[in-house]
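Asker: Mind having a look at this structure? Questions to follow.
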Ligand SMILES: [Zn+2]
Ligand SMILES: [Zn+2]
């Protein structure tokens, strides 16, 4: 569906017009059209084909023409025009949270700001703050927005990085006689954002491997191509470095280039204390290499048990590995089901049957369908009547399909006043209830969440901080208090596995676990592909040091039901 793409363009046109100080009504017309398209559940191209665009309230002839233009040409001339009228990269800067078109226009006119660099400069010198109606608070908020903006534009999401590395490794395996190959660096540690992608390999004839690497079909530019090392840019400027190392050093190199820096410093010091030397080439006693071919041996010879890459952050893992006391981290294959999924009943592209079939291919025992509740109108939330219709369909499907068992759930909205969006009579009938905040992000979030957790039927709090890695800071929330109440009430906190959320994140999930909270992982799938995000949820759980028993998705359905707080013996 092109709905969202076009909505974004209309929003951009409105931004540009507002920046230029255009007539307010024109701005409003584009904003309104953007909102309508954003909310629209039908495919806009289907409506256009049927000549029905103008039957949508708020879409006039001028806007309808622009929608048709985009659908047939892939651009909107008006948008291309306004882009030209606005200097430099100013329009892009409107992606910065808390920076509106009016403020930007003011900064441009009064201070000559034309780029992010300029903007940062006038914040630093205090000149932005001195402009009429700005003030410290506003500028502080813009500064926070810039941090998020830079993160999103300079670093790659784990999902994008993983996809590129996966393709590249498959390509090299197919086209060369490579022996060993692996991603290293922060990607191998599954950090939520990645700078450059590092790949390590061994194989005969490194020159040939490098040549093939530089011919990768998605390569946009070759930065360097030596005899054992090469760098290319792929897809819009992502740098990938390939190193070919000797088989006898592969394990040491993998350890070295996986990092983190802090973890490696600890290891080098341990080596030193034993009279050894640790480098990317191996572990050496004097000149003699005593380990290096295999990564596990590197740890072993230093007196540590193997430390999984996800926890190599110098957060206590080295001490425990020395004492052989690391927890056995949860594994992807132990996951028995997905506990957060949307169907076409609310705002997903996938039907329940499609979700079930895809989940079956993952070998899942159960899935929980959690569509939005009635007051989340922008996501087509379900009023009770449609919820009951959905349950009937689930009953039918469960009779037909052997696996997975489809569970009836909801993602019930925690309303502004702290009440839940369905009465207990409905929640009680659900197999499991997920509750979440989707509106009023600044409005008593902690109290509302804690109140929701007091409800005996609320099993899971979804995306507890509400952050989006690329674009939104979380709610103003006292997470410590939320964890306390979760532990006390037996409510599970979610690791939302969607790559732009990963919420709770690694350190928060670890803190929750340490406070006695059980964690559930949900993909929040809004289409079939979304089911695959489970791997990012599991990686986050591993980065949080969680074992299987700490993650409720590893339970059998029987155990999962017994673990609900309503079923717990007090
Ligand atoms: Zn949600
Ligand atoms: Zn959701």
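The backbone N, Cα and C atoms fix where each Cβ goes, glycine too.
Heads up, here are the entries from TrEMBL:
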type   : residues : note
DOMAIN : 1-313    : domain 'DNA-directed DNA polymerase X'
DOMAIN : 51-70    : domain 'Helix-hairpin-helix DNA-binding motif class 1'
DOMAIN : 91-110   : domain 'Helix-hairpin-helix DNA-binding motif class 1'
DOMAIN : 126-145  : domain 'Helix-hairpin-helix DNA-binding motif class 1'
DOMAIN : 337-416  : domain 'Polymerase/histidinol phosphatase N-terminal'
Asker: Just give the helix, strand and coil counts over the domain 'Helix-hairpin-helix DNA-binding motif class 1' (91-110), going by DSSP.
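Answerer: Per DSSP, the residues of the domain 'Helix-hairpin-helix DNA-binding motif class 1' (91-110) fall into 15 helix, 0 strand, 5 coil.
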Asker: Go through 51-70, 126-145, 337-416 and flag the stretch with the largest number of C-beta pairs under 8 Å relative to the domain 'Helix-hairpin-helix DNA-binding motif class 1' (91-110).
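Answerer: Answer is 126-145, with the largest number of Cβ pairs below 8 Å.
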Asker: For the domain 'Helix-hairpin-helix DNA-binding motif class 1' (126-145), what's the mean pLDDT in this predicted model?
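Answerer: Taking every residue in the domain 'Helix-hairpin-helix DNA-binding motif class 1' (126-145) and averaging pLDDT yields 91.
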Asker: Given a Cβ distance threshold of under 8 angstroms, which distant residues of the chain, six or more beyond its ends, lie next to the domain 'Helix-hairpin-helix DNA-binding motif class 1' (51-70)?
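Answerer: For the domain 'Helix-hairpin-helix DNA-binding motif class 1' (51-70), the sequence-distant neighbours (Cβ-Cβ under 8 Å, at least 6 residues beyond its ends) are 2, 5-6, 9-10, 29-30, 32-33, 36-37, 40, 44, 76-78.
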Asker: For the domain 'Helix-hairpin-helix DNA-binding motif class 1' (126-145), give me same-chain residues lying six or more residues beyond its boundaries with a C-beta closer than 8 angstroms to one of its C-beta atoms, as numbers and ranges.
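Answerer: Sequence-distant neighbours of the domain 'Helix-hairpin-helix DNA-binding motif class 1' (126-145): 96-99, 103, 106-107, 110-111, 119, 473.
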Asker: What counts of helix, strand and coil residues does DSSP assign across the domain 'Helix-hairpin-helix DNA-binding motif class 1' (126-145)?
Answerer: 15 helix, 0 strand, 5 coil
